[in-house]
Amino acid sequence: MSYMLPHLHNGWQVDQAILAEEDRVVVIRFGHDWDPSCMRMDETLHKIANKVRNFAVVYLVDISEVPDFNKMYELYDPCTCMFFFRNKHIMIDLGTGNNNKINWPITDSQELIDIIEVVYRGARKGRGLVMSPKDYSTKYKY
């Protein structure tokens, strides 16, 4: 489904997408279109893009085509999703220890909508770090 979502092809386009959006959260999926985990994430993003269009906009960035942000945002995972609001990176506490980004595919549409909504509400209040509606830590799995 990655072909259905807008792609950003260079660092300038990524910067402009983040800078230009005043009222909505910018959701950027960094990864590869051919990666299976990115395909699952892209499918979820495509499903929700129309539902969240009032408070979020979704873009895809291929990390081999645009390597400018790989070191800055530590994009070492195959699929990474990050949130920006008014030219500011919004961190989210998912209970995983990494508050900067989501680095696994989320396949549940409602779960991702809830996360984006929490990011939007927190960012509108001026918060740089928001709490996830669900705890993704593994402490209860073992």
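Placed from the backbone N, Cα and C atoms, the Cβ positions cover glycine too.
Cys38 (disulfide bond) counts 24 other C-beta atoms within 10 Å of its own C-beta, drawing on all protein chains shown. The feature disulfide bond is assigned by TrEMBL to Cys38-Cys79.
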Residues that sit under 8 angstroms from Cys79 (disulfide bond) by C-beta distance, when 6+ apart in the chain:
Arg29, Phe30, Gly31, Asp35, Ser37, Cys38, Met41, Asn103, Trp104, Pro105
